[in-house]
Amino acid sequence: MKKLKLHGFNNLTKSLSFCIYDICYAKTAEERDGYIAYIDELYNANRLTEILSETCSIIGANILNIARQDYEPQGASVTILVSEEPVDPKLIDQTKHPGPLPETVVAHLDKSHICVHTYPESHPEGGLCTFRADIEVSTCGVISPLKALNYLIHQLESDIVTIDYRVRGFTRDVNGMKHFIDHEINSIQNFMSEDMKSLYDMVDVNVYQENIFHTKMLLKEFDLKHYMFHTKPEDLTETERQEITAALWKEMREIYYGRNISAV
């Protein structure tokens, strides 16, 4: 897409939001409580603040304000307001390609916010526990938050990821014509690295005329030992391993597809 010569400030709002899910099997009530306590401490408000603050530092954003809160019995949230450092719009790369990895990120945000909320969850029957983190990066100006996508997913790799990207509003060029998007995009996957795409099965649901893009990601490899909390697969019978594997895989598919699946 040819670079636009705008009249005044770029008034487009670009919002990137995604949910990450971590799934675990905890055999007993004590193990379930232990997992919830572990994941709640791992992603408490202070830890989330460190992650988001480091994100701001990497992308070159100025932190204006931080609001954070831990909740009882579990969960946390952090919201950071940031502003952009001076940047020449002509120097901004608007091409579609995977965002850089953490060690190479250099970018700017403008009058923007980054927020995260966590939702640990378990049920007394079945042994399944889930952890969900909602993250949103919203910007106004020439910068797309998609540039931060690759870094954030690398930081928060999980079993399932759902991503939404939307461009709202319009901006005008020097001739007064309105533009409702200022960069080319046909899939969020264009902004992911090849190694990231190789780890997940992905599907897109896009509404191009509304500038709405959606991608769902499900981890390809399944190894039971990575889903057990304080229990080793080798300590279980073959029947138990098969039953737990089936329960975990069903849980992951239900979250991925967003609907309950009947047992076969």
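Glycine is no exception: its Cβ is also placed from the backbone N, Cα and C atoms.
Database features, via Swiss-Prot:
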{"type": "ACT_SITE", "residues": "Ser112", "note": "active site, schiff-base intermediate with substrate"}
{"type": "MOD_RES", "residues": "Ser112", "note": "pyruvic acid (Ser)"}
{"type": "ACT_SITE", "residues": "His117", "note": "active site, proton acceptor"}
{"type": "ACT_SITE", "residues": "Cys140", "note": "active site, proton donor"}
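Structure coloured by features recorded in Swiss-Prot.
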residue : record                                               : CB count, 10 Å
Ser112  : active site, schiff-base intermediate with substrate : 25
His117  : active site, proton acceptor                         : 18
Cys140  : active site, proton donor                            : 20
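Counting in whole angstrom, the residue listed as 'active site, proton acceptor' lies 22 from the residue listed as 'active site, proton donor' by their C-alpha atoms. Of the recorded residues, the residue listed as 'active site, proton donor' and Ser112 (active site, schiff-base intermediate with substrate) place their C-alpha atoms 6 Å from one another. Look at Ser112 (active site, schiff-base intermediate with substrate): DSSP puts it in a strand.
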